[in-house]
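Among the features that TrEMBL reports, domain 'Peptidase S8/S53' is placed at 28-263. The active site, charge relay system feature in TrEMBL is assigned to 37, 82, 230.
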């Protein structure tokens, strides 16, 4: 009881984005985070952070093939830059986080629901991560099969019950176009883009199917400067990693509660 009281007493002093940014403990240390995306160019990011005099943890990457149950090692050097931009955002906010890369697109640039599910399960059971970042989605019109929708929901719930919190990007045209898994709001954190100019500022959207909105620009390459939910999602995932590096035993619902507590409320 005392430990819990001490934690909440100390965390109140950190419940602003600015204070989190300046707290030396909130650096992602000890947090394992999977990026399910197009792959991460680990050499590019290592060189990029070396120039900032920052040493990042080695990034373990695997490629999931749609035509084979086997996974193969993947350094992201042949992938599109999307996943590398996502990883760069996370490392920019939480440089000590341990990243894992699940490339679900490969050389074809196509991804299936089944591949995403396999990647989620791999992140849970093999990598044993605490956070999964999904800066991707399948539009509602392309996921009409109830059985596939249910399988994806079960994978998201499996993560939740293993104390893994998923951050999922809403469609860039939400709510006109809705996408999964961001619509599975309760067991994960769904993220829209905001017009904030502060990378550590985020908003809670009461009564919305997508609950949070965050800073929506990246830092790697010119196309990352275009606001997108893909860039908003890793900002919030990185903030969660910062919280976990201060108190690593938090459950997903506790992290979500703290993010709600710290957020700007729509209309503030």
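Even glycines carry a Cβ here, placed using N, Cα and C.
Around residue 82 (active site, charge relay system), a 10 Å sphere centred on its CB holds 23 further CB atoms from the protein chains shown. Under the DSSP three-state reduction, residue 37 (active site, charge relay system) is assigned to strand.
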